[in-house]
Amino acid sequence: MAPSTVFMEPDNLLTPKEKNKLRKPVVEKMRRDRINSSIEQLKLLLEKEFQRHQPNSKLEKADILEMTVSYLKQQSQLQMKTAGSFHKSSQFDFREGYSRCLQEAFHFLSLHKVRTETQTKLLSHFQKSQAAATEVALSPGNPSTSKQASPKAASPLWRPW
């Protein structure tokens, strides 16, 4: 067999259309390799989840993608539920803390024998606030039972200045 010589045309002799024809298969292969690599990474990341649903089956790429979408939806719903319960818990903690703070301030002010006009007004304000906080604390998740006073009907906020 005689050696053959392959004649390659320099780049400047190829038209842009010919360059694209030569480049297209290489670019397409790189794209497919990226897709396959990402699917394989998903498979490795969610391997335990896949084993739970389909323990002894060879997964096709479409199966991996479908199960990943399903898993992400499930995690998203779980996260939303957790965030909602955290929000309710933090509201309850705030109410409890506020009520406790009012009790402490009321106790401190009531210890002193000397009553100034400011102290009397402040004690009266705290008693009203404590009654409202207790009422809200007794009905934490039920907005229909807690009294929502309009701003015009509520007494103005007392300030000592």
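Yeah, the Cβs are placed from backbone N, Cα and C, and that goes for glycine too.
Note that TrEMBL annotation is computational and uncurated.
Given the structure is predicted, the values throughout are model-derived calculations rather than measurements.
In this model, the domain 'BHLH' (19-75) carries an average pLDDT of 88. The domain 'BHLH' annotation in TrEMBL covers 19-75.
Secondary structure of the domain 'Orange' (94-126) per DSSP (helix as H, G, I; strand as E, B; remaining residues coil): 28 helix, 0 strand, 5 coil. Annotation comment: TrEMBL describes 94-126 as domain 'Orange'.
Residues or ranges marked as region 'Disordered' in TrEMBL: 133-161.
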